[in-house]
Amino acid sequence: MDFEKDVIRTVTFKLIPALVILYLVAYIDRAAVGFAHLHMGADVGIGDAAYGLGAGLFFIGYFLFEVPSNLLLDKFGARKWFTRILLTWGLITMAMALIQGPKSFYLLRFLLGVAEAGFFPGVLYLITQWYPVRHRGKIMGMFVLSQPIAMMIAGPLAGLLLGMDGIANLHGWQWLFVAVGLPAVLLALPTFLWLPDNIDKVKWLSIEQKQWLKNELVKDEAEYDQTRHANPLHALKDKRVLLLALYYLPVTLSIYGLNLWLPTIIKQFGGGSDIQIGFLSSIPYIFGIIGLLIIPRSTDRLNDRYGHLSFLYALGACAMFLSGWLNSPVMQLAALAVVAFCLFSSTAVFWTLPGRFLTGASAAAGIALINSVGNLGGYVGPFGIGLLKEYTGNMAAGLYFLSIVMLFGLILTYIVYAKLERQKTQTVNIQKPL
C-alpha cells in the first residue's frame with residue numbers, strides 16, 4: 001500500500017498542479033466574455049440575444065473539432081498538441097480586443113472554440129492513461145477544482161481590468177481580453193518542455209514503479225470490461241458513449257448558462273461597481289470549491305457515483321429554482337452558491353464514468369465525443385437565457401429554465417445507471433459459475 005501511495009503521489013505531484021494551472025488559464029479565458037459583456041455591448045452594438053448567440057458559438061466550434069483534436073492528440077502526443085492548443089487559443093482571445101460588432105464577435109468566438117477544442121477531454125484522457133480507476137474520482141476532483149478557482153479569480157480580476165478604461169485609448173473590456181489571452185501564449189513553451197507523452201518516457205518513476213502502474217491499468221481493462229476498439233472511431237457508435245454524451249448536456253447547459261450570465265444576474269441585484277460585481281460573483285465559486293473537496297472523495301470511499309449524482313441534481317434543481325423565485329439578493333446569492341456546489345462536484349463525478357468502460361485511443365475518441373456533444377449545452381444555455389432575458393426583461397425565467405434542465409439530469413441519472421451499471425452487474429452474475 002505504501003508503494004502504491006508513493007507512485008500515485010509522485011504522478012500527482014508531477015502532473016496535476018501544472019494541468020490545473022493550464023485549465024485555470026483556460027477557464028478564466030472563458031469567463032472573460034461574461035464580464036466584457038457588461039460594457040462591450042454598448043461600445044460595439046451587441047445586444048443580449050446577440051451576446052448569448054456569440055457566447056454560445058464558442059461551443060459550436062468546440063463541438064465540431066473536439067473528436068479530431070483528441071485523435072490528433074493520441075497521434076502526436078500530449079506535449080506537442082497541448083502546446084498548439086495554448087498558442088492558438090491565447091492569440092485568438094487577444095484578438096477579441098479587436099471586435100467591431102456582432103459579426104466579428106461571432107467569428108472570433110467560433111474560432112476560439114475550434115482552437116481550444118481537445119484541451120479538457122485531452123486532460124481527461126491523460127488521467128485515464130496515468131491513474132487506476134480507484135484513484136480517478138479524487139484526481140478528477142483536484143483537476144476540476146481549477147474551474148471554480150478560475151471563476152473566483154476572474155470576477156475581481158475582470159473588475160480591475162475593466163477599470164483600465166481609456167488607458168492607451170483602449171476600452172476596459174479590450175484590456176480584459178488581452179490580459180487573459182496572454183498567459184496561454186506564455187505557457188506554451190514551458191508546456192512543450194515539461195509535459196510527458198506517456199509513462200515510459202518519464203524519468204521521475206523507477207522501472208519498477210512504471211511496470212506496476214502499467215499492470216494496474218491492464219487489470220482495470222479486465223475488471224471493468226473496458227473496450228479498446230480496433231478503430232478508435234468505432235467508439236463514436238458505442239451506445240454507452242452516446243448515452244453519456246446526452247447525460248452530460250444538463251451539466252454543461254447549467255454550468256455555462258450560470259457562468260456566462262452570473263455578472264449580469266449580480267448586476268440586477270441593484271447595480272454596483274465593476275469591482276463589486278466581480279467580488280460578489282466569486283462567492284458561489286467558493287462553495288463550488290468546497291463541493292469538489294468533499295464529493296469526489298466521498299464517491300471513491302463509498303464507490304457510489306450514481307447516488308451522489310442523484311443528490312446533486314435534485315438539490316441543484318431546487319436551489320436554481322429558488323435563485324429565480326426569491327426577492328432577497330442575499331438569499332438569491334446563497335441559492336446560487338448551493339447551485340455552484342452541486343454543478344462543479346457533479347462534473348468531477350461524471351467524468352469518472354467513461355474511463356470505467358473505455359481505454360486507449362477509444363477513450364480519446366469516446367471522451368472527446370461525450371465532451372463535444374455535451375458542450376452543445378454551452379451553446380443552448382447562454383443563448384436560451386439571452387432570449388428569455390430579452391423577452392421577459394429579467395433573469396428569473398432563465399433560472400427556471402436551468403432548474404428544469406437539472407431535473408432532466410436527475411431523470412437521466414437513473415436511466416444511465418439502469419443501462420450501464422445494473423446491466424453490467426447482471427451480466428457478471430450470469431457469468432459466475434453455479
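Here the Cβ of each residue, glycine as well, is placed from N, Cα and C on the backbone.
Summarising the annotation, Swiss-Prot assigns transmembrane segment to 15-35 (among others) and lists sequence analysis as the type of evidence.
Positions annotated as transmembrane segment by Swiss-Prot, on the basis of sequence analysis: 45-65 (among others). Within its own chain, the transmembrane segment (45-65) has Cβ neighbours under 8 Å at 30, 33-34, 37, 101-102, 105-106, 109-118, 252, 256, 260, 372-373, 375-387, 389-390, counting only residues six or more beyond its boundaries.
Same-chain residues lying 6 or more positions outside the transmembrane segment (85-105) and placing a CB less than 8 Å from one of its CB atoms are 22, 26, 29, 32-33, 36, 40, 44-46, 50, 54, 69, 111-112, 115-116, 118-119, 122, 170, 173-175, 177-178, 180-188, 191. Per Swiss-Prot, transmembrane segment is recorded for 85-105 (among others).
Residues 11, 15, 19, 22-23, 26, 29, 57-66, 68-70, 72-74, 78, 81-82, 85, 88-89, 92-93, 96, 136, 139-140, 143, 198-199, 213, 217, 351, 354-355, 358-359, 363-364, 367-368, 370-372 of the same chain sit 6 or more residues outside the transmembrane segment (110-130) yet have a Cβ under 8 Å from a Cβ within it. The feature transmembrane segment is assigned by Swiss-Prot to 110-130 (among others), with sequence analysis given as support.
Among the features that Swiss-Prot reports, transmembrane segment is placed at 142-162 (among others).
Annotation comment: Swiss-Prot describes 175-195 (among others) as transmembrane segment, evidence class sequence analysis.
Look at Swiss-Prot and you will find 241-261 (among others) tagged as transmembrane segment, backed by sequence analysis.
With a cut-off of 8 Å between Cβ atoms, the residues of this chain six or more beyond the transmembrane segment (275-295) that come close are 35, 38, 141-142, 144-145, 147-149, 151-160, 163, 258, 262-263, 266-267, 269, 308, 312, 333, 336-346, 348-349. What Swiss-Prot records for 275-295 (among others) is transmembrane segment.
Residues or ranges marked as transmembrane segment by Swiss-Prot on the basis of sequence analysis: 306-326 (among others).
Annotation comment: Swiss-Prot describes 333-353 (among others) as transmembrane segment.
Distant neighbours of the transmembrane segment (367-387): 48-53, 55-60, 62-64, 66-67, 69-71, 117-118, 120-121, 124-125, 128, 235-236, 241-242, 244-258, 260-261, 354-355, 358, 395, 398, 401-402, 405; these residues of the same chain sit at least 6 beyond its ends, with a Cβ under 8 Å from one of its Cβ atoms. Sequence annotations record features per position, and here Swiss-Prot assigns transmembrane segment to 367-387 (among others).
The transmembrane segment feature in Swiss-Prot is assigned to 396-416 (among others).
If you look at the transmembrane segment (15-35) against the transmembrane segment (241-261), you find at least three C-beta pairs under 8 angstroms, all six or more positions apart, and that counts as contact. Here the transmembrane segment (396-416) has long-range neighbours at 243-244, 246-247, 250-251, 253-254, 257-258, 261, 265, 306, 309-310, 313-314, 316-318, 320-321, 323-325, 342, 346, 353, 377, 381, 384-385, 388-389, meaning same-chain residues at least 6 beyond its ends whose C-beta is under 8 angstroms from one of its own.
Contact between the transmembrane segment (175-195) and the transmembrane segment (142-162) is present: at least three CB pairs lie under 8 Å, with pairs separated by 6 or more positions in sequence.
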